[in-house]
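Remarks on the structure that follows.
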Amino acid sequence: MSTPNRSNTNSLPFILTGIPGLEALHGWISIPFCFTYVMTLLGNSMVLLAVRLDKSLHEPMYYFISMLAVIDLIFSTAVVPKMLGVFWLGLREIGFEACFIQMFFIHTFTAVESGVLLAMSFDRYIAICNPLRYPTILTSSRTIQIGLLSLARGAGVMTPLMYLLTSLTYCKTRVIPHSYCEHMAVVELACADPSVSDLYSLIVATLLVGTDSVFITFSYGMILRSVMKLPSQEARLKALKTCGSHVSIILLFYIGGLLSMYLQMFSFGLAPHVQVLVADLYLTVPPMLNPLIYGIKMKQIQEGIFKLLGQFARLRISQAD
């Protein structure tokens with residue numbers, strides 16, 4: 001019997017199992033994921049509209065928040081609709097190219113979000129430690145350039161990884177024991193030696209996340225040092241409060257990411273469905289919580305959303321009359 005060649009083998013679709021061992025509960029499990037996705041769409045869309053329509057929010061800090069909202073929308077839409085298709089309709093097949101496109105979006109926008117969080121820490125450092133130079137250092141055009149640079153960096157480092165992964169021959173089972181095309185679950189299906197792609201992904205993850213987290217820690221160390229020198233307790237609390245939402249997002253992003261990654265690399269004796277659920281929750285819960293954290297912590301965003309809702313309510317009343 002002849003062995004199928006690489007091109008024929010790699011043209012076959014993959015099969016997503018959803019959550020291994022819990023297939024009978026997919027219908028129930030899909031409910032919270034559907035809820036988080038709807039809340040993600042609503043929350044991040046409201047933040048974007050509030051920043052877009054309220055001119056008082058046309059500042060670098062809120063532009064960075066808008067970038068996070070766009071990232072969350074793209075991130076969730078790349079994963080959740082297909083996940084719900086698996087849970088609800090049993091649409092388990094995903095094309096070879098579609099699988100790696102999904103993986104590309106997940107990894108790229110994870111890197112982009114890390115870059116935006118780094119930029120936000122720099123924004124807070126300048127605003128608190130050097131407020132007089134803030135308007136000249138962080139202009140609107142520079143903020144947009146930083147966002148585009150983060151996007152270019154993410155896409156630039158992930159494109160070679162996708163090339164390395166798609167160059168491998170996948171001649172084992174086509175079944176991916178996951179709800180989406182998770183990197184390590186897909187690589188395990190390769191017949192060829194994936195050591196080059198594994199080394200590249202390890203180097204990229206270490207350099208990107210490691211470097212960003214070090215600079216973020218340094219920025220907040222300098223911020224804390226400056227805040228402690230402020231004369232009054234009220235001024236110190238006000239300065240720390242402006243950073244509270246950002247620190248919450250950073251902890252959610254990095255701690256959740258590390259937990260998900262290590263559970264995929266080392267099982268720690270956990271059942272496969274626990275590992276998959278943790279990875280699924282990491283991709284779906286933070287995008288929902290981000291706008292809620294900013295809406296609660298930042299009075300300006302909260303006021304902008306309420307103003308937007310008030311305008312919508314008045315419009316509906318006028319149409320009804």
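Yeah, the Cβs are placed from backbone N, Cα and C, and that goes for glycine too.
Taken from TrEMBL as is:
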TRANSMEM  28-49  transmembrane segment
DOMAIN    43-294  domain 'G-protein coupled receptors family 1 profile'
TRANSMEM  61-80  transmembrane segment
TRANSMEM  100-122  transmembrane segment
TRANSMEM  143-165  transmembrane segment
TRANSMEM  199-223  transmembrane segment
TRANSMEM  243-263  transmembrane segment
TRANSMEM  275-296  transmembrane segment
- [ ] Would you kindly check 100-122, 243-263, 275-296 and say which stretch has the most C-beta pairs under 8 angstroms to the transmembrane segment (199-223)?
- [x] 100-122
TODO: Would you confirm whether the transmembrane segment (275-296) and the transmembrane segment (143-165) meet the contact rule of 3 or more C-beta pairs below 8 angstroms, pairs 6 or more apart in sequence?
DONE: no
TODO: Taking the transmembrane segment (143-165) as the first stretch and the transmembrane segment (61-80) as the second, find out whether 3 or more Cβ pairs fall under 8 Å, excluding pairs closer than 6 in sequence.
DONE: yes
Task: Average pLDDT across the domain 'G-protein coupled receptors family 1 profile' (43-294), rounded to a whole number - done: 85
